[in-house]
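Trainee: Sharing a structure here in structure tokens format.
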Amino acid sequence: SPCGCSLHVNPAYDSTLDEPPLYEESNEHRTVRPSVVSAFGHDTLDRVPNIDFYRNAGSVSGHRAVRPSLQELHDVFQKVSSGPPPKAEKGAVKFGWIKGVLVRCMLNIWGVMLFIRLSWVFGQAGWGLGTVVIVLSCVVTTITSLSMSAICTNGVVRAGGAYYLISRSLGPEFGGSIGLIFACANALAVAMYVVGFAETVVDLLKDNDMLIVDPINDIRIIGIITVVVLLGISVAGMEWEAKHPTITLIMNVFVGTFIPATETKKSQGIFNYNSKIFLDNFAPDFRGETFFSVFAVFFPAATGILAGANISGDLKDPQKAIPKGTLLAIVITGITYLAVALCVSATIVRDATGNITDAILNPGKPCNGSTAAACELGFDFSSCETETCDFGLMNNFQMITLVSGFGPLIIAGTFSATLSSALASLVSAPKVFQALCKDNIYTALRFFAKGYGKNNEPIPGYILTFFISVAIILIANLNVIAPIISNFFLASYALINFSCFHASWAKSPGWRPAYKYYNMWLSLLGAVLCCVVMFVINWLYALLTYGIELLLYIYVTVKKPAVNWGSSTQAVTFVSAVGNALSLSGVDDHVKNFRPQILTLTGSPRARPALLDLAHSFTKTYGLCLTCEVFVVGSTALQDLNAGMERNQMYLRKTKRKAFYAAVACDNFRDGTESLLQASGLGRMKPNTLMIGFKTNWRTAGAEGVQSYVGILHDAFDFEYGTVVLRINEGLDVTHIVEAEGRYESFFRLASLQSIPLTQTAQGACSLSLYLSVPPPQQVVKMNEKLLEASAQFKKKQPKGTIDVWWLFDDGGLTLLLPYILTNRKKWKDSKLRIFVAGQPGRTEQDKKEMRSLLHKFRIKCSEIIVIDDIHVQPSDNSLQKFQGMIEPFRLHDGSKGAAQAGAMKKEYPYKITDEELSSFEEKTNLQIRLNELLQEHSKSASLIVVSMPIARKESISDFLYMAWLDTLTKDLPPTVLIRGNHKSVLTFYS
């Protein structure tokens with residue numbers, strides 16, 4: 001360059017650039033273009049400052065903008081690549097299906113409930129209903145595991161467990177809501193297992209008369225100390241946690257039931273296998289409980305089925321490991337629970353005093369009541385019927401420890417199981433939360449996405465889980481904590497089952513799970529079963545859970561996170577849309593159901609915002625709105641078309657305009673528009689109205705441009721479209737401003753890179769002056785400001801005013817219907833309709849009365865009806881002179897020539913206005929001039945003017961004369977809309 005600048009900044013991206021973008025788009029992320037990777041390498045790319053600028057280059061502010069060239073990228077990357085490459089981190093620990101899933105699930109399931117609540121559950125429910133409790137839990141978990149296995153084998157499963165499964169299947173709305181609840185449920189599970197551990201420790205302290213304060217506060221103290229230690233272990237790394245002792249010696253319980261009971265054990269209600277005890281324990285004996293409240297306490301034992309899925313990102317092969325390990329864990333633990341419970345039910349009575357002196361010395365004493373079985377075995381526990389005893393299935397949570405062959409071993413097993421389960425949940429909860437935050441669904445929680453160390457440990461998540469756990473530990477009552485956890489996990493299971501059903505029902509080609517042993521209806525049954533159980537357990541908790549889910553769902557729906565996971569919700573929406581479109585195609589159109597479906601020729605959606613905003617006001621969410629662009633075929637027309645499709649649709653979404661973007665590439669603008677008019681839409685969902693901006697530069701556009709524009713209007717009528725033309729004095733096209741905006745913004749973003757401090761040097765100043773060229777004159781700046789203000793006028797709420805409707809021809813009612821629709825929109829609700837109609841002199845009141853009656857039948861309200869009875873008066877000389885001056889350059893002036901010369905002139909200039917044509921249509925010309933005078937007189941202060949558009953008969957009226965009519969009619973007025981229906985009725989009297 002003249003000043004020696006070395007920075008090369010591209011102009012606004014246009015079709016002359018043939019370099020592909022730096023990044024290629026895919027469903028979930030962008031991929032660096034292979035040529036760039038080969039040129040610079042992945043390590044260099046990762047260390048580029050402000051690399052997001054290059055990632056987004058080419059779509060700045062939603063429009064075509066500056067895109068760095070490879071030379072520019074080379075300059076930036078060369079500086080970065082001169083430094084040493086980053087050190088590769090040691091590979092993360094990965095687990096197989098046994099250690100990662102099977103053992104982990106069994107650790108969670110063989111937790112607190114096996115050793116300190118299972119005997120209580122069977123004491124309350126009896127072994128009859130107790131078996132139902134276990135079987136029902138296994139049914140719920142098995143169905144959920146089948147559904148989960150199908151989802152897990154339908155693609156790569158990453159970190160996040162249940163959250164990942166639900167979010168990728170049902171979408172961010174469901175996934176985001178259940179993700180937080182599921183993470184909290186895992187945090188609550190930590191508290192539950194820790195409280196179970198603390199209960200066992202407190203029982204030991206109580207037996208040895210070593211309580212610190214009292215049982216409740218001791219549980220709190222021990223629980224908080226325990227969770228602090230567990231937090232340190234989990235932060236130390238998952239590898240240690242996975243190597244922690246796994247299975248306690250459950251056989252110790254079975255051995256203990258065969259060892260002959262001592263007198264001390266008998267006084268505690270523990271006998272050897274006895275059919276009388278077994279039969280006595282068959283029926284339920286609920287004391288302050290119900291079947292479902294007992295189920296709610298037991299069910300958290302089953303929540304361990306997701307322990308493997310929760311760390312799916314740390315498994316070697318999640319697709320194989322999760323189904324195999326989870327289902328086998330359910331079988332093993334289900335059998336174990338049932339076997340231990342039945343053994344206990346056959347050897348321990350419900351109530352016992354623990355006093356050896358209660359042995360019956362008189363064998364002939366009659367045995368009745370709830371303690372009859374113990375009485376027949378030589379002990380009198382009848383005092384338990386009137387007062388609470390300390391032993392037996394109903395009264396002591398440590399009965400399994402007492403019945404075992406070696407009690408300390410069971411205590412050690414309880415410690416191991418509860419702590420291992422707590423540790424597994426403490427690891428799972430932060431990882432689920434981290435996966436949720438990485439997806440950036442809740443932007444305020446982005447901080448928790450950060451990981452540390454070789455395993456990317458979520459340290460902030462650990463700390464949050466710690467505080468949640470401590471808060472729940474302070475409750476210090478396992479029977480209160482368990483139902484809350486059951487509720488949360490049942491909600492998660494319900495959505496996992498529903499996810500599988502939904503994905504199967506959508507029949508998306510992308511739903512191809514490798515695991516085939518599932519059934520969509522069984523998954524639906526599982527979802528319904530989970531919901532029913534939730535409400536039966538505690539309807540208040542269930543309502544609260546679903547209330548929180550609903551609020552989170554609404555929040556995510558409103559925020560619309562920028563993610564696309566190909567969810568089944570999208571598939572079902574597509575199937576539903578196709579089904580509805582097909583249903584509509586079988587129904588004939590009816591005038592009562594007519595609504596404007598508008599095809600708007602805006603070019604790029606950013607190019608003519610006023611046109612797009614007014615079209616959107618007509619359709620809103622109740623009709624179809626297409627914003628269309630025609631690319632004239634050139635070297636890169638197809639490349640421009642493809643590049644702009646997604647970007648322009650995204651712009652419409654971001655600006656909350658309910659419209660679709662469509663584009664075609666053709667040899668010329670008219671052919672492209674004709675293609676759009678013929679092929680746009682689907683079935684009955686197709687445009688019926690063309691909306692286009694007025695061609696203000698028609699006098700300088702040349703014959704071809706004018707013929708193309710007028711030809712489009714003729715094509716619209718030929719294809720039975722209604723036609724709407726918008727004119728604003730300041731103009732509609734803001735393309736030059738948008739492109740200039742993009743150049744300024746992109747340059748300064750590039751200059752802000754730390755590696756190229758352009759604005760701080762003379763070299764940068766030189767580049768800036770060359771790049772932005774000479775500033776525009778002040779007059780141009782003011783014109784652009786007015787243009788921008790006019791372009792945004794339909795986007796904001798309209799002040800009080802009027803919409804003046806000049807209904808001059810019967811076109812089927814479209815000229816009347818569209819402004820009426822506007823008055824029903826929120827932005828236009830303060831605008832009143834004024835109807836102007838042509839009348840005859842001396843019949844003003846009668847014409848007004850007839851019009852009022854007609855509007856009443858159409859159920860259209862207006863503030864005023866004005867009859868114009870001097871519409872056919874000759875226009876003023878001044879107006880006529882202005883019109884003559886307007887068309888003068890386009891007149892042929894062939895009237896004074898000879899026939900041969902006139903013929904030659906017509907052949908040379910077929911588009912010009914002949915004297916004969918001007919004379920033949922003098923009356924119609926004068927009508928347009930007169931109408932403008934009347935509009936100036938009556939509607940100069942209106943917010944919007946709607947006028948019936950005159951029609952030019954094809955091949956009878958020259959294109960330049962027709963454009964002169966439209967120009968004269970709408971000149972120097974507030975925003976004016978010319979409307980002409982296709983003469984099909986859009987209004988009806990009938991209900």
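Backbone N, Cα and C define each Cβ position, glycine as well.
Automatic prediction, not curation, is the source of TrEMBL annotations.
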Trainee: Quick test of your reading of TrEMBL: among 400-424, 425-449, 550-574, where does it put transmembrane segment?
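Mentor: Result: 400-424 is the stretch TrEMBL calls transmembrane segment.
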Trainee: What stretch in 132-157, 219-238, 325-349, 459-478, 517-541 has the biggest tally of Cβ pairs under 8 Å against the transmembrane segment (291-313)?
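Mentor: Most contacts with the transmembrane segment (291-313): 132-157.
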Trainee: Quick check for me: are there 3+ Cβ pairs below 8 Å between the transmembrane segment (459-478) and the transmembrane segment (219-238), leaving out pairs under 6 residues apart?
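Mentor: In contact, yes.
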Trainee: Does the transmembrane segment (517-541) make contact with the transmembrane segment (325-349) through 3 or more Cβ pairs under 8 Å, each pair 6 or more apart in sequence?
Mentor: no
Trainee: State the mean pLDDT for the domain 'SLC12A transporter C-terminal' (782-991).
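Mentor: Mean pLDDT across the domain 'SLC12A transporter C-terminal' (782-991) comes out at 88.
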Trainee: Assess whether the transmembrane segment (400-424) lies in contact with the transmembrane segment (101-120), where contact requires at least three Cβ pairs under 8 Å among residues 6 or more apart in sequence.
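Mentor: Yes, the transmembrane segment (400-424) and the transmembrane segment (101-120) are in contact.
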Trainee: Counting Cβ pairs under 8 Å to the transmembrane segment (132-157), which of 101-120, 178-199, 325-349 comes out on top?
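Mentor: The stretch I would name here is 325-349.
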